[in-house]
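Below is one structure, written out as structure tokens; comments come after it.
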Amino acid sequence: MFINRWLFSTNHKDIGTLYMIFGAWAGMVGTGLSILIRAELGQPGSLLGDDQIYNVVVTAHAFVMIFFMVMPIMIGGFGNWLVPLMIGAPDMAFPRMNNMSFWLLPPSFFLLLASSMVEAGAGTGWTVYPPLAGNLAHAGASVDLTIFSLHLAGVSSILGAINFITTIINMKPPAITQYQTPLFVWSVMITAVLLLLSLPVLAAGITMLLTDRNLNTTFFDPAGGGDPILYQHLFWFFGHPEVYILILPGFGMISHIVTYYSGKKEPFGYMGMVWAMMSIGFLGFIVWAHHMFTVGMDVDTRAYFTSATMIIAIPTGVKVFSWLATLHGGNIKWSPAMLWALGFIFLFTIGGLTGIVLSNSSLDIVLHDTYYVVAHFHYVLSMGAVFAIMGGFVHWFPLFTGYTLNDTWAKIHFTIMFVGVNMTFFPQHFLGLAGMPRRYSDYPDAYTTWNTISSMGSFISLTAVILMVFMIWEAFASKRVVKSVSLTSTNLEWIHGCPPPFHTFEEPAFIKSSH
């Protein structure tokens, strides 16, 4: 019974739950690694050892947070749980493939951890650039294990993407068009398209790196007519869409949360929101070289990538102002989920502004590989993606479990987290402007003050993570059941009660034509 339900599951709700639990545990690992980083940087001098072990920790922190925390929770967890419920489908289009997508992740995670355990570990940064990732600078199996880990995670995501695209296009009730599906469904579909188009390029790049390392090919070795810059193009053609993959489902969740707690029946500017997401998805593929402004590209190339990158601010602005317009005139309920959503809008916008700064190729020459870049992407990830996950979690927790979280604890948790992440990452803008480089385990004494404050902030965030564990325990221990949910007419996922039955929509949903 237990094995049939959890190991061989074909139920989108159970698989979504598995993704959530896996992502939560991976998030603990990623948090631990981030605490190691900030402990090392809390004061000048050495704590862990040399830069190799430090860079192994930094690399693992990135991979764990991206591939095993944010993506499994947002796409695998929320996506699996909510998409079929929101479109009135009985399950995903390919339920067994769905199960395989999940079970590819634990082996992938194991391979990543194994890469740290053998030889000296993969101290390459998450970009895995050759020649540092070649078989001279990184002799041994570490980088190879990392590459295999990425292959498995990539296959998992590609299969998941195929599944979501098929489900969303094919399993709606015949009466409704794509433009009547909720924004979260749209966000997952666009994310899936991005995954489907970008991951094969990453797979090609890291496979070439694998053969360069082991089979004596020279794709990225100038001695044999190769070019390490080719690797950078291949990696970033995946890497830039990837950062939009990490944030787009968050956009979808924030739209739902803001609409719900503003007491509105629909988000402001639905079509504008959809087109904005599609524009972001398209533009995300044609700006990749802004990560490479320092490798010596032609001035006209730099001009193009600068302007193209700035254009992405327009659809992003459409989304931000539409969220504000949704709030406008609403009967606002200051629930914990709403606090996360408001925090998201504010902090994501700050991250977007520093992104506009970095898009200037001339400025980026100075700021590239400094802590300014670290501050920028942690504002959009640690306060964008993670805030969206937390908001979605506290909003849909009653749907997933049937129990309610304690409102007061949830608000305290938000406050601690808000203070912690801002104290961690705001000072890093100053460090970057002062020229402190990334990926070094030590620094000149001049940078001590802001680094110490930053490290203190990370420990505040750690207490927030611990409080969250307590909060979830408290909810399950207290067993406060959900009586009823308001606004189900425009929030289809809630109509089956909390939690919904094992099988939902066994008959096709009936859609009234008046809507």
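Just so it is clear, glycine is given a Cβ too, placed from its N, Cα and C backbone atoms.
The shown structure was predicted, so the numbers you read here are calculated from the model rather than taken from an experiment.
Helix, strand and coil residue tallies for the topological domain 'Mitochondrial matrix' (1-11), in that order: 5 helix, 0 strand, 6 coil [DSSP]. If you look up Swiss-Prot, you'll see 1-11 (among others) marked as topological domain 'Mitochondrial matrix'.
The transmembrane segment annotation in Swiss-Prot covers 12-40 (among others). Same-chain residues lying 6 or more positions outside the transmembrane segment (12-40) and placing a CB less than 8 Å from one of its CB atoms are 5-6, 46-48, 54, 57-58, 60-61, 64-65, 68-70, 72-73, 76-81, 83-84, 91-92, 95, 98-99, 102, 105-106, 109, 400, 424, 441, 454-455, 458-459, 461-462, 465, 499-500, 502.
Taking the Cβ of G45 (Na(+) binding site) as reference, residues of its chain lying under 8 Å away and at least six apart in sequence are, in sequence order, D442. Per Swiss-Prot, Na(+) binding site is recorded for E40, G45, S441.
Under the heading topological domain 'Mitochondrial intermembrane', Swiss-Prot lists 41-50 (among others), citing similarity to another entry as support.
The annotation transmembrane segment is assigned in Swiss-Prot to 51-86 (among others). For the transmembrane segment (51-86), the list of distant contacts is 12-13, 15-17, 19-20, 22-24, 26-27, 29-30, 33-34, 36-37, 40, 92, 98, 101-102, 105, 108-109, 112-113, 116, 120-126, 146, 149-150, 153, 157, 160, 164, 167-168, 171, 181-182, 184-185, 188, 191-192, 195, 242, 245-246, 249-250, 253, 381, 385-386, 388-389, 392, 396, 399-400, 439-441, 492-493, 496, 500, 504-505: same-chain residues at least six beyond its ends, Cβ to Cβ under 8 Å.
What Swiss-Prot records for H61, H378 is Fe(II)-heme a binding site. H378 (Fe(II)-heme a binding site) counts 20 other C-beta atoms within 10 Å of its own C-beta, drawing on all protein chains shown.
In this model, the topological domain 'Mitochondrial matrix' (87-94) carries an average pLDDT of 97. The topological domain 'Mitochondrial matrix' annotation in Swiss-Prot covers 87-94 (among others).
The transmembrane segment annotation in Swiss-Prot covers 95-117 (among others). Within the same chain, residues 8-12, 15, 18-19, 22, 26, 56, 60, 63-64, 67-68, 72, 76, 80, 141-146, 148-150, 152-153, 155-157, 159-160, 162-163 sit at least 6 positions outside the transmembrane segment (95-117) and bring their C-beta atoms closer than 8 Å to a C-beta of that stretch.
What Swiss-Prot lists as topological domain 'Mitochondrial intermembrane' is 118-140 (among others).
The transmembrane segment annotation in Swiss-Prot covers 141-170 (among others) and rests on similarity to another entry. Long-range contacts of the transmembrane segment (141-170) within its own chain (CB-CB distance under 8 A, at least 6 residues past either end) are made by residues 59, 63, 67-68, 71, 75-76, 79, 83-84, 87, 89, 92-94, 97-98, 100-102, 104-105, 107-109, 111-112, 114-116, 118-122, 124, 128, 133, 178, 181, 185, 188-189, 191-193, 195-196, 199-200, 202-203, 206-207, 209-210, 213-214.
Taken from Swiss-Prot, the feature topological domain 'Mitochondrial matrix' applies to 171-182 (among others), supported by similarity to another entry. Counting residues 6+ beyond its ends, the topological domain 'Mitochondrial matrix' (171-182) has Cβ neighbours under 8 Å at 84, 86-90, 93, 252, 256, 270-271, 274, 492, 508-511, 513, 515 in the same chain.
Listed as Cβ neighbours of the transmembrane segment (183-212) (distance under 8 Å, sequence separation of 6 or more from its ends, same chain) are residues 75, 78-79, 82-83, 86-87, 128, 130, 133-135, 143-144, 147, 150-151, 154, 157-158, 160-162, 164-165, 168-169, 218-221, 226, 231, 234-235, 237-239, 241-242, 244-245, 248-253, 255-256, 267, 270, 273-274, 277-278, 280-281, 284-285. The transmembrane segment annotation in Swiss-Prot covers 183-212 (among others).
Helix first, then strand, then coil: DSSP counts for the topological domain 'Mitochondrial intermembrane' (213-227) stand at 5 helix, 0 strand, 10 coil. What Swiss-Prot lists as topological domain 'Mitochondrial intermembrane' is 213-227 (among others), and the listing cites similarity to another entry.
The transmembrane segment annotation in Swiss-Prot covers 228-261 (among others).
For H240, H290, H291, the entry in Swiss-Prot reads Cu cation binding site. Other Cβ atoms within 10 Å of the Cβ of H290 (Cu cation binding site), summed over all protein chains shown, number 23.
Annotated O2 binding site per Swiss-Prot: Y244, in sequence order, evidence recorded as similarity to another entry. Secondary structure from DSSP puts Y244 (O2 binding site) in a helix.
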Do the transmembrane segment (299-327) and the transmembrane segment (407-433) come close, with at least three CB pairs under 8 A (pairs 6 or more apart in sequence)?
no
Range from 228-261, 270-286, 336-357, 407-433 with most C-beta pairs under 8 A to the transmembrane segment (371-400):
336-357
About how far apart, in whole Å, are the alpha carbons (Cα) of S441 (Na(+) binding site) and H61 (Fe(II)-heme a binding site)?
14
Would you count the other CB atoms within 10 A of the CB of Y244 (O2 binding site), including those on all shown protein chains?
21
What are the DSSP helix, strand and coil residue counts for the topological domain 'Mitochondrial matrix' (87-94)?
1 helix, 0 strand, 7 coil
Does the transmembrane segment (336-357) reach the transmembrane segment (270-286), going by 3 or more CB pairs under 8 Å (6 or more apart in sequence)?
no
Cβ contacts under 8 Å made by the topological domain 'Mitochondrial matrix' (1-11) with residues that lie 6+ beyond its boundaries:
18, 91, 95-96, 98-99, 502-503
